[in-house]
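Visitor: Encoded as structure tokens, here's the structure I'll be asking about.
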């Protein structure tokens, strides 16, 4: 019996890890990866950090260059797909080539959510999703240049830190009343706001751009009436899933390809993962997790589902952010206002805990990354704690 052919569409973390997971889980059939980027699949997190700060930055590949050939995975880089061929099971490229598939994994990622008022500036305006974006930003982030960043989420704040470290004059504009409002708890939001302000970043909350004039400098008029002059304008206000191919194939989409817990779409032969995917939960709600670890997890889950193997258990959601000399790691449930703090954030060393009826459901570490491993185990097991003991620095966490 002829082994099936699996095609992976995409060139990022989820795509590369899907290939690795399929081989690790025993798939020996024909395996192809198609990407519109010319690079081998590379890590995205460094784009807003080391790729802007290091003297001679190099892309960090997800898998070693020799892995692909050694594992008999056919790479098709720098190609554009015309259609997925859902009905014919023939993926078609714009150059006319067609490739048969039995199962398909879509990991086309996402683009920056557009902001038409700024997009009209053309090359004067920047977003950050790919290596080319980082290279262009690196060229313009020069000392003493005025940089305006729209959006104070994770990417916006990481860019603010990197631009400040490159000795730029940075202003951040945020529509909400706080920074990192979607994915950090209130005490961490307050810490980050203060941290950036102490570094010289001007952060304007509850504000937005109303008018833009392009000249020698970009003139930005805010809702507050203030006018800013910028040499460089960057925005990061969310993502727009690269779902066009899936939409044209009549797959269910909702700013993302809708998948179930097995990463399966409405077509049982087509799977999706990473930033392009959005999961329908048991209660019918749609949930997207935009993180490096989620891309890895969904790649492993999809590979298992494709091969008819038991699905791996999902660990608590986890991501990290490096800003200035700080490493923050977020794990578990970030919702809720009643967080406990172990340590002193003013010394840039602390852990915030989220207890619900004594059960640890989430945590954020500040320059305490070594503690994430036991915290992950505690969250997974539903461990209960005495709050006073948890925040007592005289008691080692590992002894609890």
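Each residue, glycine too, has its Cβ placed from N, Cα and C.
What you see is a predicted model, and the numbers here were worked out from it, not measured in a lab.
According to Swiss-Prot, the protein carries these features:
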type: BINDING; residues: 5-36; note: FAD binding site
type: BINDING; residues: 146-174; note: NAD(+) binding site
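Burial and contacts for the listed features, if you can.
Guide: The Cβ of residue 5 (FAD binding site) lies under 8 Å from the Cβ of 29, 30, 31, 32, 100, 101, 102, 103, each on the same chain and at least six residues away in sequence.
Residue density at residue 158 (NAD(+) binding site): 22 other Cβ atoms are found within 10 A of its Cβ, drawing on all protein chains shown.
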Visitor: Taking the Cβ of residue 146 (NAD(+) binding site) as the centre, how many other Cβ atoms fall within a 10 Å radius?
Guide: 16
Visitor: According to DSSP, does residue 146 (NAD(+) binding site) sit in a helix, a strand, or coil?
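Guide: Reduced to three states, the DSSP call for residue 146 (NAD(+) binding site) is strand.
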Visitor: Would you find the one among the binding-site residues 21, 154, 162 whose Cβ has the most company, meaning other Cβ atoms within 10 Å?
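Guide: Most Cβ neighbours within 10 Å: 162.
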Visitor: Restricting to the chain of residue 25 (FAD binding site) and a gap of 6 or more, list residues whose Cβ falls under 8 Å of its Cβ, or answer none.
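Guide: When sequence neighbours closer than 6 are ignored, residue 25 (FAD binding site) has 303, 304, 307, 309 within Cβ distance under 8 Å.
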Visitor: Would you mind reading off the Cα separation of residue 154 (NAD(+) binding site) from residue 9 (FAD binding site), to the nearest angstrom?
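Guide: Residue 9 (FAD binding site) has its Cα 27 Å from the Cα of residue 154 (NAD(+) binding site).
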Visitor: Can you tell me the CA-to-CA distance separating residue 33 (FAD binding site) and residue 158 (NAD(+) binding site), as a whole number of Å?
Guide: 31
Visitor: Select the closest residue to residue 17 (FAD binding site) from the following binding-site residues, measuring between CA atoms: 146, 150, 162, 166, 174.
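Guide: Going through 146, 150, 162, 166, 174 one by one, the Cα closest to that of residue 17 (FAD binding site) is 162.
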